[in-house]
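Each remark here refers to the structure printed beneath this line.
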Amino acid sequence: MATDMQKLLGTSEEDDDEEMDMDVKEEDDGDRRNRDTRAASGSSNDEFMFQQSMQDQVGTPGGGGSRRSRPLEEKERTKLRERHRRAITARILGGLRRHGNYNLRVRADINDVIAALAREAGWVVLPDGTTFPAKSQGTKPTGGSSAVAAGSSASHIASQQTSTPALRVVSSGRRSPVELSACRMKGVFTPASSPYDKFPTQSPELVGSVNKAEGLVGCSVDVINSKQILDIPPNLTEQDFSGTPYVPVYVMLPLGVINMKCELADRDGLVKHLRILKSIHVDGVKVDCWWGIVEAHSPQEYNWTGYRQLFQMVRDLNLKIQVLMSFHECGGNVGDDVCIPLPHWVAEIGRTNPDIYFTDREGRRNPECLSWGIDKERILRGRTALEVYFDYMRSFRIELAEFLEDGVISMVEIGLGPCGELRYPSCPIKHGWRYPGVGEFQCYDKYLSKSLRKAAESRGHLFWARGPDNTGSYNSQPQGTGFFCDGGDYDGLYGRFFLKWYSQVLIDHADQILSLAKLVFDSSCIAAKLPDVHWWYRTASHAAELTAGFYNPSNRDGYAAIASTLKKHGATLSFVSGEVQVLNRPDDFSGALGEPEAVAWQVLNAAWDSDTPVARENSLPCHDRVGYNKMLESVKFRNDPDRRHLSSFAYSRLVPALMEEHNIVEFERFVKKLHGN
């Protein structure tokens, strides 16, 4: 049993003994320091201690001898209890380091553990131990950052050093720039952390500066709890978009609009908000159709009740709907305020066969979505993954046909990976990734490993049937690895072979599912979502894009083949971009050598060159005019001689803050400009 427990915790006896010895050594060192401190405290203290000792001896029969000569058995019991306590502490610390992604030092003590847990729970813990809730703005010590985040990690960070502040906000929570940027690919509801925390990837002056916020890289957040007080800068330049092409505007509904019983969570509140959106001429809404809700309990037993009610409500208000076939889980990324796992019967299969999930080099599984290696493996209760996706889409088509036929459903977006995006889950926060780490390749489940081995055999190089071993870890930087550095192995013979295979698996997955989707939805518009992976774009390797599955180094176009695949099936490219939220280009934003605008233009040009329609979706909520103007610049192409424009724009997301009077006024103005008024 002890051996099984050690395996479960991921520890060995040697590790436990080593950590326990470190703890003992640390305590011994502390004892020596305490003795030195007492020795230096002055003769008066020594004299007091001597007198106290004499009084104890006088007051104790035998002159205090019994105090020094405790029974040997009692001393041994005390030693055993202390050793047992330290062993438990060592195992707790080891488990947190290995499995909890807590950045604990080797000689961490219980104070470090309590501080880490408190920070995760949303408390601020200062180096001197002072602890207070993150909401307690008034208790913030002097000398700290003046930044106040608008909303629960979503809005832009204001700075005292900004000459003309564009925004003042009253906030209910705090987020560090690193946390904001760590979640760029959609977003988990993570508790707010302290702006006083130290992060290895950020300089002190980054905290609280709107011009230096790494958090503007594209993180989707779905709940805003704070109020924004709008200040329009006097020198704000307004552009006239009258006469520009009409771009339909959709508002994404809350992630939990349908509960786990497939019922409307708040019918009356939703109707009220939809009527407000209709009054400002929003074209429609966008909603996730969660696989984990509809087919939750048994294979091919579907429940569309809540979605039917929602679609009927939208139709009654004469609005349109964009639907996302969500074959991923919700709750593992920053911004997810609900937890919607994969279907229970899929999780049961995963417990006996964890290779159905994407796996990194260390063998860590990611249950956010199914591995593409099982697309054609008949292991899901007699069906392949492709058959499961096809049956789900066909059930939607049959049960909700009336809404497709009368045009209420204007577009069906097909989920192709984590967060519904076409990419590998290369940057999972649950495994410790933080912006701007390069991430890790996710091809180590047995099914993708078999595919790699087959590809290597076809090339006649069986020794290539492996993933690269010099890519660093999730939080490495390109120049710190042998694979991604300038002149690294990524551009060698093996590197080119591996990256081509890795990206081709992504393209093949999209090709196969979109072909099935087109078969199901026929004449209806379908779409695929593509993320904005922009950090390390200004390096030669484009490391973050490589691990995400986009073979797009500086000497190769990795998006043209994807755009061609979408064109082949008549699908729209839905691009989730973070650069629409960059209000002022931060000076330290270049620390990650990111280029969100360049990535956006490369993706757009790849789509336009293949004549593929493009839709866009913002990633960070915004309620101020400065932010909306920045979005307009990225959505309306005023200087394009071909007058190309987006097929639609999806605003993320419908939250109570958007419904506040001053915010809805600004949003109405934004909608009018997208409509070309």
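Cβ coordinates come from backbone N, Cα and C, glycine included.
The region 'Disordered' annotation in TrEMBL covers 1-81 (among others).
The compositional bias 'Acidic residues' annotation in TrEMBL covers 12-29.
For 40-58 (among others), the entry in TrEMBL reads compositional bias 'Polar residues'.
As a whole-number mean, the pLDDT of the domain 'BES1/BZR1 plant transcription factor N-terminal' (65-200) in this prediction is 54. The domain 'BES1/BZR1 plant transcription factor N-terminal' annotation in TrEMBL covers 65-200.
Across the compositional bias 'Basic and acidic residues' (70-79), the DSSP tally of helix, strand and coil residues reads 8 helix, 0 strand, 2 coil. Taken from TrEMBL, the feature compositional bias 'Basic and acidic residues' applies to 70-79.
If you look up TrEMBL, you'll see 132-171 (among others) marked as region 'Disordered'.
Annotation comment: TrEMBL describes 133-142 (among others) as compositional bias 'Polar residues'.
The compositional bias 'Low complexity' annotation in TrEMBL covers 143-159.
Per TrEMBL, active site, proton donor is recorded for E421.
The Cβ of E617 (active site, proton acceptor) has M252, K529, S574, F575, V576, S577, F649, A650, Y651, S652 as same-chain neighbours under 8 Å, each 6 or more residues away in sequence. Among the features that TrEMBL reports, active site, proton acceptor is placed at E617.
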